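As given in Swiss-Prot:
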ZN_FING   23-59  zinc finger
ZN_FING   96-132  zinc finger
Amino acid sequence: MDRTVHSFVERLGIPREDLLLPCTFCSRFLTQEELTAFDFSAFNLVWRGRCAHGICTACARVCASLDLFLHHQNSRPLADVLRDENLTLHGLKARCRVCMKILSVTEKLECAERGESFAKVRGQWRARCRICKPV
């Protein structure tokens with residue numbers, strides 16, 4: 001079973017524009033921009049029977065918000081996270097707390113520079129990406 005939109009359309013031998021991928025939560029078909037964002041965010045396709053499903057941008061944001069609200073464990077500055085978890089900046093896996101995109105090393109540093117704490121949610125670290133950062 002394919003895990004990415006890219007590998008799925010390659011296996012099917014169809015152009016990305018022809019793919020109709022429903023959202024797991026709202027059943028709306030993802031737009032071309034959302035298909036790109038899906039792979040960019042490193043999400044995995046969900047398979048129900050022989051049908052693949054993704055997640056639209058709106059539902060990803062709602063899921064991120066609910067996850068943070070319902071499953072927040074603690075929040076700490078980046079330096080504390082790296083020290084306590086015995087990780088390097090490259091070894092720290094973190095997603096955006098708003099859109100769920102995987103944070104780059106630069107984005108992790110930008111969070112620390114802004115003084116933003118990293119939130120532990122269901123055992124995973126979250127902070128804001130450069131697109132979702134507070135203005």
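Here the Cβ of each residue, glycine as well, is placed from N, Cα and C on the backbone.
Here the zinc finger (23-59) is broken down by DSSP into helix, strand and coil counts: 12 helix, 9 strand, 16 coil. Distant neighbours of the zinc finger (96-132): 37, 40-43, 57, 60-61, 63-65, 67-68, 71-79, 81, 89-90; these residues of the same chain sit at least 6 beyond its ends, with a Cβ under 8 Å from one of its Cβ atoms. Counting residues of the zinc finger (96-132) by DSSP class, helix then strand then coil, yields 10 helix, 10 strand, 17 coil.
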